[in-house]
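Engineer: If you scroll down you'll find the structure; I have some questions about it.
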Amino acid sequence: MSLIPLGPFDLTLAAGLVLLLAGLSWRLHLGVERRILVAAARSTVQLILLGLVLKVLFETTDPWLIALLALVMLSVAGWEVMARQTRRFRGPWGYGIGASSMFLSSFSITVLALTVIIGVEPWYQPQYLIPLLGMLLGNTMSGIAIALDGLTRQAAEGRGRIEARLLLGASWSEAIADIRRDALRSGLIPIVNAMASAGIVSLPGMMTGQILAGSPPMEAAKYQLLIMFLIAAGTGLGSVAAIWAGSRRLFDDRHRLRLDRLASGRGAA
């Protein structure tokens, strides 16, 4: 079975469905038609540019170009984590916590997978590195954003409870322990649900793409399992790192809660 190429007319038909959705939003006064159209336009431009960049990378396999693209992907993912916070940290911490946590988790697990599990030579082949890193960054980004948002929001809402524990002699870590657990749990729920429903409720994206491209179904299933396990590990490691750094930043060296280090983000009053 070979891949069936898509032409401009085919994509135009699919885009018409998005226009229909935007029209439905306008008709029902949902107020999201502009966001739908902007998101569709962004995805079109971004994916076309990515396709052109990957075409060049696949032809040259220049490690410096690959490293530059990976750095751009990480930078954008770090910005997205910061933008999704209801209450984000002020200064470079707002960007640095998310970006460094994703670097620690996504890059280390990607290199481990390529060198030890898949065994690609050289390990930075863009055909494997870029898609794998992209999937890890995308899912880790979502988990870290949810976890950090839960941490800062619950810390602000539970200020009285946290300060009462500190007055009773608890350390900063003990005073915020339950909030950290809840935030970590929230960050892990999406990937846990995705693993639990894969193959029964939904057919995962990578497996679908490989099958459409002509790969044997069992090989596609094995690669999908590999990706889901790597994503789960990356999300867990990244969320733990982000929550530890974020919760430590919420307190000073004298174990005082410092909510003044948080700035109002989207949706905050």
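Cβ coordinates are placed from backbone N, Cα and C, and glycine is handled just like the others.
Those TrEMBL annotations? Automatic predictions, nothing curated.
Feature list, courtesy of TrEMBL:
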- 6-24: transmembrane segment (TRANSMEM)
- 36-58: transmembrane segment (TRANSMEM)
- 64-83: transmembrane segment (TRANSMEM)
- 95-118: transmembrane segment (TRANSMEM)
- 130-151: transmembrane segment (TRANSMEM)
- 188-213: transmembrane segment (TRANSMEM)
- 225-246: transmembrane segment (TRANSMEM)
Engineer: With Cβ-Cβ distances below 8 Å as the criterion, list the same-chain residues six or more beyond the ends of the transmembrane segment (188-213) that contact it, or say none.
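Structural biologist: Distant Cβ neighbours of the transmembrane segment (188-213) are 3, 135, 139, 142-143, 146-147, 219-221, 223-224, 227-228, 231-232, 235-236, 239.
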Engineer: Restricting to CB pairs under 8 Å, which listed stretch, 6-24, 64-83, 95-118, 130-151, 225-246, is in contact most with the transmembrane segment (36-58)?
Structural biologist: 6-24
Engineer: Spell out yes or no: are there three or more C-beta pairs under 8 angstroms between the transmembrane segment (64-83) and the transmembrane segment (130-151), with each pair 6 or more apart in sequence?
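Structural biologist: Between the transmembrane segment (130-151) and the transmembrane segment (64-83), which are separate recorded stretches, there is contact, as judged by 3 or more close Cβ pairs.
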Engineer: Same chain, outside the transmembrane segment (130-151) by at least 6, Cβ under 8 Å from its Cβ: which residues?
Structural biologist: 54, 57, 66, 69-70, 73-74, 77, 80-81, 84-88, 97-98, 101-102, 105-107, 109-110, 113-114, 179-180, 182-184, 186-191, 206, 227, 230-231, 234-236, 238-239, 242-243, 246-247, 250
